[in-house]
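According to TrEMBL, the protein carries these features:
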type	residues	note
BINDING	Glu35, Asn39, Asp81, Met86, Ser101, Gly102, Gln125, Phe126, Gly127, Val128, Gly129, Phe130, Thr175, Arg348	ATP binding site
COMPBIAS	504-516	compositional bias 'Basic and acidic residues'
DOMAIN	28-185	domain 'Histidine kinase/HSP90-like ATPase'
REGION	1-348	region 'A'
REGION	349-564	region 'B'
REGION	497-516	region 'Disordered'
REGION	565-643	region 'C'
Amino acid sequence: MTADVEQLEFQAEARQLLDLMIHSVYSNKDAFLRELISNASDALDKLRFEALQNKDWDVDTSDLHIELEVDKQARTLTVRDNGIGMTRDEVVSLIGTLARSGTAELRRKLQEAKDSAAAEELIGQFGVGFYSTFMVADKVELLTRKAGTRGGTRWVSTGDGTYTVESVDDAPQGTAVTLHLKPVDTDDDLHDYTSEWKLRELVKKYSDFISWPIRMQVERRTPGKDGGEDQVTVETQTLNSMKALWARPKDEVSEEEYKEFYKHISHAWDEPLEVITMKGEGTFEYQALLFIPSHAPFDLFHRDAKTGLALYVKRVFVTGDCEQLIPRYLRFVKGVVDAEDVSLNVSRELLQQDRQLTAIRRRLTKKVLSTIKSMQSERPDDYRTFWSQFGAVVKEGLMSDADNRDTLLRICSFASTHSDEQLTTLPEYVERMKEGQDKIYFATGQSREQLLKSPHLEAFKAKGYEVLLLTDPVDELWTGTVIDFDGKPLQSVAKGEVDLDTEEEKKAHEAEREEQQREFGDLLSWLKDVLSDHVKEVRLSTRLTESPACLITDNFGITPALARMYRASGQVVPVGKRILELNPKHPLVKGLQQAHANRGEDDTPLRETAELLYGTALLAEGDIPEDPARFAGLLADRLARTV
Ligand code: ADP
């Protein structure tokens, strides 16, 4: 060892994950090879692309390949590539930490994952990549040199929480990962990763489509002449067919092959819910192979969550996470697009303006949406899985993709007052609309339970009108953009005026309303004055049947929930005053009216009642009064007088 060998600790989450791997009873230990080969293949892709962009770069790209090397005596398996390699800093940051987004989420789940089954699932979901080697090895060595630089780095760990890094003078370009394999029962070829047979099988199964040759030296025995000793010769064989999966006709590719390819490109361990193949001919030639995953990745809602499509040009990898190929709201779609006529030398910036990519993006979007739509009608179980994982992301499209808005509205499903268990689609809602109902009503909030108890819903319940219960944060946003569906306006139950009466009912109620207006008029203007810091108007309600009061936002006003979201993201939002609506039939409101009419000089108790009324209206919608301590004090005083 040279002097600069450094011993470092894995970052806490990485250590926990490693621990999981080492003690894992994960049934599919073979997967480690797929992970190593995937990483090697990515490294070769990156090198070739860099070299194409930078013709003067002094690197050797003449024979890019992956190599498996076995030492049966030492029980080691080495996976070597002559790709891009890593610098010492990169080794530390990429291998020593979980540098990717979603780590916080992983940390939480790791704490929750009590039993081993939960931990196994976690391994599958997070896709542990390089660390999976510790399922089969008790020591792992990595030797790497970044292409175009001198000097390499050796990294060694037994997975016990620390690793060493050391600079070495001489290392071949690229990366070699050597596994010191755990002992196996003799004769157990099934799990012996030094067995030629086993390695061949695994490469065929997991990595056949890798576009780089995966080579191995194999021994060939030929019987010796005249009964003499067998002749042993060593030759190098390529184990994979290297056929790009997306370029093969769909009926020639097995489901297994698609699944493995999905795992390779997505670095995920779940199964795809749907495989989509596409071919564009004519002006814009391209082939695409897309997957809809069955599990949302950890970082789906992370600000820098990556999109999932890789761009190839005539089989040559150009870039992963190609933003231009798919809108943000479909960022969970994984896959490959291979275009014919994009220039390979084009920079990332120019890619953004590429007309061909824009056209492809439009078609991919339509295709993905129509696939989800068919899934919805033909495979409802899969659709439900899909929606539970990705629904909240898809809804982002309602704001950003006006062209596909109608299709998007049709594939969305929502909780509603119609059923406790099942979600509803908008067409189903419209189908159930009551005679005389001309709007689609919805409520937004934090949970179904809270919404169901909200005073805003009372009139709708009484009338038997269905209300959509929208509880994703994104619902606050898109409902401000989408005006209608199928010609029916979308209306928040907490906004504007609500009048569910038919024309006849209106006539019948007219006299009563006028009477109420006369009766309560003074109280309303007095309250408006007393509560002027909080509300801009006080009026009688047609939406309340049980509660005394509720708060309403103007039709185009910002709801408190939305204001909170904006503030949380650092934006300044003016405090919009709302409207206080009173239920003229409620004993509290009636009593207040009486007390107001008979009030004397000192109206302090009455003012306090007004404050309490306003505070309870906030509480009823799940909010808290502006000054909770004062509210609690007022309430306690009041209660003290009634016990
Ligand atoms: P993932 O591949 O899912 O990102 P890994 O833990 O497998 O996670 O690898 C972490 C990172 O280390 C990779 O994203 C890559 O940047 C780098 N890396 C891993 N293996 C290699 C390799 N053979 N050559 C170059 N870089 C590599």
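Backbone N, Cα and C define each Cβ position, glycine as well.
Note: Gly129 (ATP binding site) has non-local neighbours Glu35, Asn39, His267, i.e. same-chain residues 6+ apart with C-beta under 8 A of its own C-beta.
Residues within less than 8 Å, Cβ to Cβ, of Thr175 (ATP binding site) and separated from it by at least 6 positions along the same chain comprise Asn39, Ala40, Ala43, Arg80, Asp81, Gly83, Gly85, Met86, Leu142, Leu143, Thr144. A count of other CB atoms within 10 A of each Cβ picks out Asp81 as the most crowded of the binding-site residues Glu35, Asp81.
Reduced to three states, the DSSP call for Thr175 (ATP binding site) is strand. Restricting the average to the domain 'Histidine kinase/HSP90-like ATPase' (28-185) gives a pLDDT of 87.
In the three-state DSSP reading, Asp81 (ATP binding site) counts as strand. Under DSSP, the residues of the region 'Disordered' (497-516) split into helix, strand and coil as follows: 14 helix, 0 strand, 6 coil. In the three-state DSSP reading, Glu35 (ATP binding site) counts as helix. Taking DSSP states H, G and I as helix and E and B as strand, the region 'C' (565-643) has 47 helix, 5 strand, 27 coil.
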